[in-house]
Every structure is written in structure tokens, then in C-alpha cells.
Ligand SMILES: *Cc1c(COP(=O)(O)O)cnc(C)c1O
């Protein structure tokens, strides 16, 4: 995200983050709406230029919000959902059900029924028994669904540090090597109320280059050709990386997608296989870098010759990834520019030693109670993974663009916090 300093204070699109904090409080998620739109357009433009027929859907789990879903619809994106709740949120945003894909490794009958009733046609099937369950429900509802089968390509993420999902031993997909994938295809083709649409894979997350995806496309297309299976669509999942710190690489959308689409075209041509439509489902790369979190500094504790802890007014209830994966973040003091820095630990206020935002992170020596800290690249898997641990209230979320600042999710209220309690 493009943050600039004006009279020392960090600003976004000309709005001071201190003014935004003043109006909406902290902890607060601030998104650059223009950047989200721009990421969608980069994917569209590159895919259009490939000449392939394509669809692209946003993986809603990265950040689920009605206003974001409306924006996604405006940007011609489809939507992936994996639960009744995500689907309900999408339908409330008036998302076109025909552009919603239903995913998940354990869809309940109730969810399948709800989705079909709502007009969702596209299911990503993840297990053999799901085929019969979807078929039975579709038949009962007098409808036919399109199915894409999620396969497990058995691609180990060699030297790359992805968060793997494409290795043999995984809860996701049906293994190609063990013959489960072919069994799945046959079952779907025999099902009376399911149209076999194609194949899906998603080999991991925070992937910063395209070789794993390229290798998987080749494996899958060769496997399809050898088994005489025709598909309409190949869905290559999401997983493209973002820059959390200066050590990370933002996935090169234009070059990466060009390499991927060219591989699909070339592989199909080489073995005389009909080139399918391509589908992508990015999440993190659409919203991740577009979001930041603002916190207010509270207690500052120096342990002589040991460490300095700067505590903020949120923590693992709105920022779980450091505790969960030891994820790294960059922080900046919002209030002023000060180059005299020291390495400190920024800690949350929740009752866990692991409730840390960043270790060994450089912040101005002058950082004190009442100052504002900004944590960068928190647009994906932060709000959506937030919890009420310690009865913390879920933060508010605002979108900022050239047009101004707008609240898209209000801060949770105390009344809401106990709304389900029997008193
Ligand atoms: C999580 C997920 C995505 C999106 O992954 P990102 O890393 O956020 O791009 C796409 N497809 C599937 C099946 C997923 O599980």
C-alpha cells in the first residue's frame, strides 16, 4: 500500500491515518480500496491478453465483507465460498449465485441444499461420497449442478516454503497417483444430475513463483489425455504471494500468469489435447497488501539488557498469524518520522505469551503511550480470522480511496458480544 508522510504523519490518498484513527478508533483495519480494484484489473488484463477463455473468483475467506463482495462484483470477479456463513454473506451482498463456487472438504448436506436452493451451480467436489450426496440433493431439487473435481497432484513444494496443500498426504482433493481422482471423474460422469465440468487443484499459499503451478498443469493435462478425459475448465486455485516484509516477493501477476497460461496452451498443443478454459481463485494477492492495521500504543516495558515490550490495544484476537505461523510483519510509527530506532517486541494485550505482533522489529526509541502503530499487509486472513478471545471486540474496517473514507464494518458492540448468551 502506498503510504506517504505529510508533515511527518502517515497518510493514505491524502487522508491522515491519525484523523482516521480519531474518527473510527483502534484497533482498526484500513484498506486502500483503489489497490484492491487495481489487483483485480491486473488479473483480468493479463488473462484477457492470454486469449484463453477464463473466469476468476475471489477466495472470500481471505477477507469476508458485504461491501468487499459488492466491490468484487463490480470488478467482474466471481466468488469462492466454503460454508453456509460465507454463502449467506455473499447472498446478502446480492452476489450473483451463478458466479459463486462452493468449495470445501466437508460440505454438509444442509450446506449443499442451501447452495442449490440459492441458485449456486458450481461445486468443487473434494471427496467420492460427496458426489452421490450432491447428486441426490440436486435430483430432489430438480436441478443439475456443474462439478469440478479437486485433485491432489502429488506435487511436493520442492525447495519453496509454500504452505503446502498439494502433497500426497493432505486432507484436500483426490490423489491422482492413488487412482482416487480417476475414480472421482468416473463417478461424476455417471451422476445423473451433475455435469462434469473439469478439474481443480490448489497446491498451496504464499507461492512466489510459478514453477510449481506449471509442473502441476503439465501433470494434470498429461493425466487427462492418457485417461481420455475431456474437460471444459481447469481451475488452478490461488495462492499467489504478497509482500509482508522486504524479504518477501509479491507474486509477479503479469509474468506469472503469462507463464501459466502459455504452459497450458503449449502443453495442450503438444499432446493434441483440447485447451480448456482456465479458472483462478486468488485471495491473499487481491486484498493482502491493500490492508493495514492501526493500533494505539499502551504500556511500554523495558527489561534491562533483555528486551523492550511495546504493548498495543489489540493482539491475537485480530492478528493471529504471528502466533499461528510465526509470520513476519513490518511496523511503522504513524505519528512522526523518527530515524533513531531500536529493536523491540510489539505485543498484544491478550493472555498468552505467544500473543506477539512482531519480534525484533525496529521502532523509534521515542515510541510512547498514545502513539499510533501501523502494521502492514494485514488485508488477508486477519479480520476473517479474528476472534473474541478475552472478549475482545472485533475491530472496525474502513475503505479509503480517492473518493474518501467509508466504514465497511462497524466495530463490534458489547451488546453484540453477549447477544447469544442466555442470561
Ligand atoms: C485458500 C484458497 C485459495 C486462496 O488462496 P490465497 O493464498 O489466499 O490466494 C484459493 N483456492 C482454494 C481452494 C483455497 O483453499
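Quick reminder: no glycine exception, Cβ is built from N, Cα and C everywhere.
The shown structure was predicted, so the numbers you read here are calculated from the model rather than taken from an experiment.
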Legend entry - Further binder of pyridoxal 5'-phosphate named by TrEMBL next to 239, 281, 282, 283, 284, taken from the candidates 197, 325, 329, 381: 381
Legend entry - Rounded mean pLDDT for the residues that make up the domain 'Orn/DAP/Arg decarboxylase 2 C-terminal' (29-379): 95
Inset, instruction - Sort out the sequence-distant neighbours of residue 381 (substrate binding site) for me: same chain, 6+ apart, CB within less than 8 Å of its CB, listed by position. - result: 61, 62, 63, 284, 288, 321
Inset, instruction - Take the Cβ of residue 321 (substrate binding site) and count every other Cβ within 10 Å, whichever protein chain it belongs to. - result: 18
Inset, instruction - Determine the recorded positions, out of 284, 351, 352, 381, lying near ligand 1 in the sense that the CB is under 6 Å from one of its atoms, and give them in sequence order. - result: 284
